Amino acid sequence: MYILSLYAIGALVASVIASPAPGISHVVHEKRNELPYGWTRRSEPSHRAVLPMRIALKQRNIDRGHEYLDEVSHPASAKYGQHWTAKEVAEMFAPSDDTINAVKEWLTSAGIAGERIKLAKSLNWLQFDASVEEAESLLKTKYHVYDHVASGQPHVACNQYSLPKHIREHVDFITPTVHFDAKLKAREETRLSKRRDNPGTGRGIGKPWDRGHGSYPKWGHWIDRNELINDLRNCSNQITPACLRALYQLPPGRSANPKNSYGIVEYTPQAYVPSDLDLFFANFSQTQVGDRPILDSIDGGVIQQVNMSFAYNGESDLDLEYAITLVYPQKVTLYQVGDIVEGASFNNFLDAIDGTYCTYESGDDPTQDGTYPDPKGGYQGPENCGGYTTTKVISTSYSYNEADLTALYEERQCSEYMKLGMMGVSVLYSSGDYGVAGNLGQCLDRAPNGTLVLNNGTDGYFNPSFPGSCPYITSVGATQVKNNIDITKALATGTQSEMACETIIYSGGGFSNVFPLPDYQASAVKDWFANYPPPYGSDRFNNSQQTRGFPDISANGANYAIAIDGKWALVYGTSASSPTTGSILTLINEARFNAGKGSIGFINPVLYANPDVLNDITEGGNQGCGTPGFGAAPGWDPVTGLGTPNYPKMLKLFSSLP
């Protein structure tokens, strides 16, 4: 990461900074009005310190990407299922020669010699090293060193930066600048959540989510082996694979088509324990004892076994125990991302499966993404760039607050999920576990200038998650079985056995402050506002009816029985809901591949056009920010989305499509 070069002595090269050409007018390109929660400004960096500058070039045709995605994803489209190849996607969105040349000319006119500027193989990024003095002159800004209060981790950033008017149209964003703490790494400053109540702590590696945020499973309690229940009358107390099969009418898998694939994404130091898988299989799927996921190690990703506690093993054990069991005999691919030292981000994962997203050589933004080879002694191989096969379904149980990152940064990443959808990949993200609040229950305040900033409490403006708010992924919320419900009787009588999760966690949901309302969702959102308006106004959430609502669907997220570190526990969270949903989609893909068809890809347009293939959830809410939150209601709602999967109906629908 670049902070290591910040104080390097002897390797700094002085440069002559050219004066800007007369008459060039600069405009603020990105601005951060408040520091992210947990950071404090410390000092000015040396003017001679070197920063690895990265310029995200504006991509051609990106404004039409949603049209291309809709063509292959909407059930009424004549091109449904005619997914693009990676090469076709890369060629469609590569920046124009005009964009590349304009930015290069600006840099050289500002004194950055042409031989210092490198263009990524994908053509999407320009990279060069610059002293702090050069960068400040180039971007009309002032850099400072910031410290993360909890961890002491330093970070270099600025409050805003400017670009010439004629250059802005060619640039998405530049790093390092206003972006803070987006790295998923094994240190306390990570902004990814996993849990609040840790029954054990690891030793050696820094605790990965002391400052955590997102959708990691939440601790319930330990249970004895003899307390495990396989009786479907008790699914309100414990969820097992048998409960999920009954709830969603899932048959056991019968084949493993080689064209089919399912991927679970985990970030080191989170790692599964092999003996835990066997303990789980021995109780719920005995023929699978000894089964393991296919490991795709990205940027040094390892199944670390040094730290053995819920904090380090809970997520991976949960995801893999249920996914591997539910899709058997189909195999599950584990994308293990990042080494123990450096960690990794969503962008490092995207790099590995899509070379068009990679920056030049050393990776993405070192201030936000893991840098490889690791400068701190971890993985010393090259950064993985486009070398991994993309599975047909990808489930991720990690998330940020939308307010953690800048809009331009999020829009760029969201576009990558759009491209994956165009290539026939279903991308799932958990919606969060704190209701209308953000990670760890954090809410927003409105600054004097009208912008929204993270506050230090659990009251205020509702705080949506990201990537859950991206319109090109499927956001998955959480439900629970109602108390004392016998789900077999409920199925026989047509009674709804589930409600929005209100035990330990609350299903993340709400409305984006960044992304517009997608066409496929417009009717559902407007119906909800018209028929079930919430008792809050614009002082609490974005009620414009013009922005993306989430989640899209939901699945059970309460009382999952998991084997963890040789024992048994009950856990909660949308991090359980997402891999369960991914398993269901994988079984549907299996049927389509066996019938000679392709993958289902981006599922949202199909589901919103056919909501009756889901089990509508109409009870429960997602409290947060000092309010009851939103309430589940007939049709789509910002608590459980369109509802939970009904496998037979979904299978029939998707099987009928070309």
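Glycine too: its Cβ is placed from the backbone N, Cα and C atoms.
Looking at the stretches 190-210, 610-630, the one that TrEMBL records under the feature region 'Disordered' is 190-210. Neighbour density for GLY635 (Ca(2+) binding site): within 10 A of its CB lie 17 other CB atoms from the protein chains shown.
Candidate active-site residues: GLU315, ASP319, SER575. Nearest to ILE617 (Ca(2+) binding site) by Cα distance: SER575. Between the C-alpha atoms of SER575 (active site, charge relay system) and ASP616 (Ca(2+) binding site), the distance comes to 21 Å. The Ca(2+) site, placed at the center of the C-beta atoms of ASP616, ILE617, GLY635, ASP637, has further neighbours from the same chain whose C-beta lies within 8 angstroms: THR618, ALA632, ALA633, PRO634, TRP636, THR640, GLY641, LEU642, GLY643.
The distance from the Cα of GLU315 (active site, charge relay system) to the Cα of ASP637 (Ca(2+) binding site) comes to 27 Å. Cα spacing between ASP637 (Ca(2+) binding site) and ASP319 (active site, charge relay system): 26 Å, rounded to the nearest whole number.
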